[in-house]
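Structure first, then comments.
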Amino acid sequence: MAESCKERRAEIRKRLRVLVVKVGSNILTGADGALSGRSFSRIARQIRRLRDEGVRVVLVSSGAIAAGRERIGFGRRPLSLAQKQAAASAGQTALMGQWEKAFRRHGLGVAQILLTPSDIADRERFTNLERTVETLLSLGLVPVVNENDAVATFEIRFGDNDRLSAYVAGLVRAQCLLLLSDVDYLYTADPRIDPEARPLPCVRHVNDRTLRMAGLSRSGLGTGGMSSKVGTAQWANGWGLPVGVLKGDLPTGIFRFFEGKTGTLFDTDRSLPSNRKIWIGQFSVPQGELHLDAGAALALRSGRTSLLGRGVASLSGDFLRGETILLKDPQGTEIARGIVRKSSRAIVPGEEGLLVHRNDLVLSDPSP
């Protein structure tokens, strides 16, 4: 591994105060598809060590549907959405029971948090959630987060727990996100069929070629294969979060990752913004659009100015004061998102007055 990559991992570890660890179903189950107590214990032991070293850890855990399959007797056959939700409901208690048992052996308690996308998109619920997680961590508990599959719909869901874990990392302003998987690296090709496939210890710019390398998941239990992990890393890197992908069945895999001995680091040179800026730019749902003239668009791209009404050429959508909107240039390209200070009914294009303060504005990622 290149020394610079090792040094970068050491740097992340040195400033690590909050870490989000996502554990996939493949790591928590045995060959028969049932939950494996040994796997839970192995991860709990590492988190106990991290806590002893001053690192707060939030766990995002898959496995509820896998556990429910066993309880209900679904086996490995394909399930409908309703059957998956039933399996998740039946399996969530078993999943939390395993985590509680594993962490109790190491002197730690756990707390369950089940989320839906609306919990993240709504600003008030987001800030309440932020306070709850902070309180749990300050009390020495390990929050265990999962999607609330029982109420999620196909149209309104996080997609998989890789993406959910990035949302959680943004919520707690973690310095790093680790995705524990059944593969040890991202490879240049599928190492199972290509003897010349090389492991990639460090990726600094995820592009289409990187996504092609990711390939497809090799397991039928989880929903998040390597493609999902690389896509999540690309998104999280865009707003300043380093992401690691590593094999989850190693006894000290998390520590070996930070020592530069295993796993792929998807790195970024961006600084992590404030929690509020993360929410505005990444988590909120825009309710309308303001279309700017060329001068206003150019000024906003500097990142040092607020948006005034005289720079607005037109608007679309029905939005209220305090909601998030998109700001677009004359070509229709999104240049920023922001919290608007007037409703759509109160805005008159070209009229004087403050519409979006620069403290409530986040520039959009210009990269493809």
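Even glycines carry a Cβ here, placed using N, Cα and C.
TrEMBL: automatically predicted annotations, no manual curation.
Cβ neighbour count for ASP182 (ATP binding site): 18 (other Cβ atoms within 10 Å of its Cβ, all protein chains included). Residues or ranges marked as ATP binding site by TrEMBL: LYS22, SER181, ASP182, THR223, GLY224, GLY225, MET226, SER227, SER228, LYS229.
The annotation substrate binding site is assigned in TrEMBL to SER62, ASP149, ASN161. A helical conformation is recorded for ASN161 (substrate binding site) in the three-state DSSP classification.
Under DSSP, the residues of the domain 'PUA' (288-363) split into helix, strand and coil as follows: 14 helix, 30 strand, 32 coil. If you look up TrEMBL, you'll see 288-363 marked as domain 'PUA'.
Secondary structure at ASP149 (substrate binding site), taken from DSSP and collapsed to helix, strand or coil, is coil. The number of other CB atoms found within 10 A of the CB of SER62 (substrate binding site), across every protein chain shown, is 28. For ASP149 (substrate binding site) paired with ASP182 (ATP binding site), the C-alpha to C-alpha distance reads 23 Å. Here the binding-site residues are LYS22, MET226, and the one with the most other Cβ atoms within 10 Å of its Cβ is LYS22. Between the alpha carbons (Cα) of SER62 (substrate binding site) and LYS22 (ATP binding site) lies a span of roughly 8 Å. Of all residue pairs in the substrate-binding list (SER62, ASP149, ASN161), the one with the greatest Cα separation is 11 Å apart.
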